[in-house]
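Below is one structure; the comments refer to it alone.
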């Protein structure tokens with residue numbers, strides 16, 4: 001199993017748990033928690049596949065994902081009271097997932113012969129838009145549009161991908177470096193509390 | 001016309017009316033009411049078709065659906081003041097629709113050669129996610145994630161579908177039994193006020 | 001360049017700016033502003049293409065759109081304090097876009113051999129649903145369901161399209177007349193403060 005595959009699974013777990021916790025905080029029932037876990041974990045890839053026309057979408061082609069999300073869901077149903085002990089672990093899993101998902105999205109775009117800029121957009125969508133759908137379902141303005149460096153990490157990692165490809169670095173190494181960059185940007189930005197700026201609204 | 005086809009039409013009517021009423025309660029204009037009626041009636045099937053790649057999506061292939069929704073819309077525009085007299089009827093129509101839609105979704109999944117678990121997911125999506133989209137459009141947390149046995153009925157009916165197929169019951173009988181199970185689970189759960197549990201959020 | 005092509009570009013600019021301004025008003029960061037600009041400009045066409053199965057969706061096939069949105073985004077980041085001077089210009093651009101997008105949606109439906117009523121629905125979707133997605137993302141009930149003649153303009157322009165085609169008016173003239181009708185209906189309705197009626201909710 002390649003390192004990216006491992007990142008992908010750890011990320012799926014972290015994304016599913018993030019969706020499940022958000023659902024619990026909104027006092028959804030256990031079906032709502034299940035759906036939120038799924039949507040957060042597979043939503044980004046689903047949006048990507050639907051827009052490029054690669055159907056049935058990813059989670060229908062890959063039963064490992066479905067089982068991973070379901071496993072994470074069952075665990076979190078019982079482990080919720082202890083989840084604060086694992087906050088740091090989950091943050092790292094989430095970052096690994098962000099890296100792996102970004103690279104998957106880019107690879108999919110390349111397989112469809114799309115322009116590098118569109119591939120980076122697809123990578124960012126794969127990494128960050130599961131969380132966007134999660135927040136839409138629980139009736140909140142998406143977190144990724146407001147706080148923290150998140151999508152920016154995908155964009156930077158994605159840009160590095162095409163830089164390395166331009167310099168003819170091997171595809172395998174490119175993918176690893178790109179995913180690791182996403183992880184590093186994310187971790188560093190949290191460590192040093194880096195944010196994207198806002199354009200403030202003045203009173204009219 | 002098979003019984004399932006009848007269920008499908010009654011359900012389309014009930015779903016459209018549920019969307020239209022939700023829109024009126026939020027004081028949308030008559031275009032908003034029309035869109036909410038449509039989205040609630042065809043949203044689940046549209047999501048399903050988009051994800052498996054069966055396009056143009058169902059409501060574009062089946063003009064009966066479009067006319068049924070539009071008819072229900074026109075009627076409810078004028079009949080709104082009397083709708084409380086038909087609450088029980090609408091509840092039964094809605095349940096019939098839930099059963100028929102679930103079976104349609106499962107059949108679609110089978111036609112695309114998907115795993116039984118994915119077929120049940122598609123059936124549940126077809127039955128329950130029109131309401132999810134309705135609630136997202138009127139800026140509410142989806143009702144189906146919070147209250148009542150609704151999606152659970154789809155899941156139980158869908159599971160029975162594959163049990164019966166496993167025991168080589170005829171496809172026609174399987175579909176009827178599966179849809180009727182959805183209806184019964186829904187009706188019984190409302191009658192006896194059965195709910196799915198929540199995992200309560202404790203104060204941090 | 002045909003007049004419709006010009007309308008399309010001006011509309012893309014106006015839609016992108018409308019999304020960006022909505023994002024700024026909700027105090028999103030600059031990534032959120034970018035995404036809202038994109039979603040508002042390309043969301044309607046994306047929904048249309050996904051539902052009819054014309055993938056990769058429009059903005060992935062047409063780099064001009066991507067560059068136009070990005071350009072509008074960069075400009076508005078800096079020009080926000082002066083945007084109130086251009087309110088009227090933006091309103092006209094928005095109306096031109098509504099007309100052009102409607103005609104594009106209808107043309108796409110025709111190319112897929114769909115019924116005229118479905119083509120008008122696709123035209124309306126292309127014109128009006130970018131704004132619906134924008135409002136969903138910033139957690140508001142879609143504006144187009146509540147205020148002003150907007151989608152109605154698309155429906156009227158779209159109906160004229162098929163009337164003219166029925167009388168064998170040339171395709172080119174039909175498209176221009178249809179788009180201009182959308183623009184006129186929109187402008188006149190704003191000028192004379194015309195609204196769609198609501199069906200009032202009485203207290204139960």
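Using the three backbone atoms N, Cα and C, a Cβ is placed for every residue, glycine included.
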B:6-23, B:96-113 - the one TrEMBL records as transmembrane segment: B:6-23
Best-contacting stretch, by C-beta pairs under 8 Å, relative to the transmembrane segment (B:6-23) and drawn from B:30-47, B:114-137, B:149-167: B:30-47
Residue distribution over DSSP helix, strand and coil in the domain 'Glycine transporter' (B:92-165): 60 helix, 0 strand, 14 coil
Segment proximity, the transmembrane segment (B:149-167) to the transmembrane segment (B:59-78), 3 or more C-beta pairs under 8 Å: no
